[in-house]
Amino acid sequence: MNGATPSSAAAPAPVPDWRQFCELHAQVAAVDFAHKFCRFLRDNPTYDTPDAGTSFSRHFAANFLAVFSEEVRRVLGSAADTMEPEPAVTSVTSALKTATYGHSRSSEDVSAHAATKARVRKGFSLRNMSLCVVDGVRDLWHRRSSPEPDGGATPKAAEPASEPRDKWTRRLRLARTLAAKVELVDIQREGALRFMVADDAASGPGGTAQWQKCRLLLRRAVAGERFRLEFFVPPKASRPKVSIPLSAIIEVRTTMPLEMPEKDNTFVLKVENGAEYILETIDSLQKHSWVADIQGCVDPGDSEEDTGLSCARGGCLASRVASCSCELLTDADMPRPPETTTAVGAVVTAPHGRARDTVGESLAHVPLETFLQTLESSGGVSENNNPGDEGAELDTDAEAELELSDYPWFHGTLSRVKAAQLVLAGGPRSHGLFVIRQSETRPGECVLTFNFQGKAKHLRLSLNGHGQCHVQHLWFQSVFDMLRHFHTHPIPLESGGSADITLRSYVRAQGPPPDPGPAPNTAAPVPACWTEPAGQHYFSSLATATCPPASPSNGAGASSSSGSSSSATSLPPRPAEGPLSAHSRSNSTEHLLDAASGATEEPTEATLGRARAVENQYSFY
């Protein structure tokens, strides 16, 4: 009776084709590997060669055989002591092997081989990524064991072998879920930097700073957040070590020389929880570019509909990203009434404070050609070296010294970071957009900041006593000749080679240009220096203005009064600075503070005889 049961059960049971089984799983593995192979070539185009498919498939097949053999050996070794062959499995596999190979084996050998094939099939299915095929194989085993009289024992025997598969599939689903969560939607910027936590300097050996290499990623997150800043340590790590939402950043600024005396290209991030990160870039351009990008993502101004609200928010952000300019803070503390500037075809309303320098505000971009045409139609710029008496020369120099701040492309003591933000507002589309500002580090010099293919470049300008402009190895008779030249000829970059960068347009300084009127020596006396009229240009206070004499005098009187050192209201000689140069930030700060207190003290000897410290080499910095 016991011997007849297996034979009667084996007759109706369908015998699966092992070749079809192998072909099915081979197709699944091949399709999965082909998809991943194509994705790999898209991510790494250097491997995209005509024979890449052959090389990859051969390597895949060789490794597949090695891993397959090892996995079979491992599964058989772990399951040999726990699993015993069932009579039904023995009979079915015996019929399968007899029909396939035609060998005559004993029932014990066939049962052992059937258990091996069962484990091999399960082990092979675990290597595939398709869960539907795994479920299909499971249904196949259930159908084979269903005709057995004691079929309740067969599923129990198959459970220990299916548990590892279920655990593996659960891990596979979990890994896919995590990968979907960390998928990036919009990467703003990515680069390799070095960073340290501010507290690590004291905790390191001997109080030294603990710098770490990282991959800094500025991205937009998935779940409705705006932006995040992530530190990947080491740079090749797949998950960030530190992840900071930009809404938690309260301050972004470049470091001062006293803070990091041994490092030049560093900036600071301060977070709401009190953490402070110091990051180091390769050069100064990357430093200011990172600061500008982070600030732009912290509070993008284009999301504000109300201009007044945008200006107010920009004022808060300007205090966060304050540069090392002491004049910036002093001037920001002085309240100024808002003014409305009406230009040709454009109306811009903004307060006079430094909050206008934020990227979010809509600043007018004026074509340089329009300015040059206006300049030519007005007869050009008056020469400063006309013959005349000394008093007339001094008055002409004083008038010319105010001219640079009167032009719309000059932004006074605008910081390097804010200048970069202005020219980078349109990204690569604003190629050729420029501003001219006063140098933060070299008194008496100016800097041409322009947009070069979406990156901010800073070119130093030097103005001599005759108004001539020196840019790298080129000399120009005036700043206007320099603008006219670089409007039609490419700017020679320090990196060499041909660069298609010409000055196309400029960011117009927000402030009404002064109305043409009498020269400063014929203006009505004002009570103190640096007290400007209501309609004066915003940046005119950044140039050097002198107090008019107490009583009107002619040119000779002006000459004699300029030679007298006892008069506090006389015009001080400035042999070391040109008529078109802008003065240092520290000097202008002193005058601002004096104006606030209402004092009119005599200029010190150091102020009168300030000389240029270094003969400049004109390059990007």
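The backbone N, Cα and C atoms fix where each Cβ goes, and this holds for glycine too.
As annotated by Swiss-Prot, phosphotyrosine applies to Y47, Y618, with the evidence given as a curator's inference. Per Swiss-Prot, the feature phosphoserine maps to S130, S303, S597. If you look up Swiss-Prot, you'll see 143-166, 507-528, 549-611 marked as region 'Disordered'. What Swiss-Prot lists as domain 'PH' is 186-299, and the listing cites sequence analysis. Annotation source Swiss-Prot lists domain 'SH2' at 409-507. Annotation comment: Swiss-Prot describes 552-571 as compositional bias 'Low complexity'.
Counting residues per DSSP class in helix, strand and coil order gives 25 helix, 47 strand, 42 coil for the domain 'PH' (186-299). A helical conformation is recorded for Y47 (phosphotyrosine) in the three-state DSSP classification. In the domain 'SH2' (409-507), the DSSP tally of helix, strand and coil residues is 22 helix, 33 strand, 44 coil.
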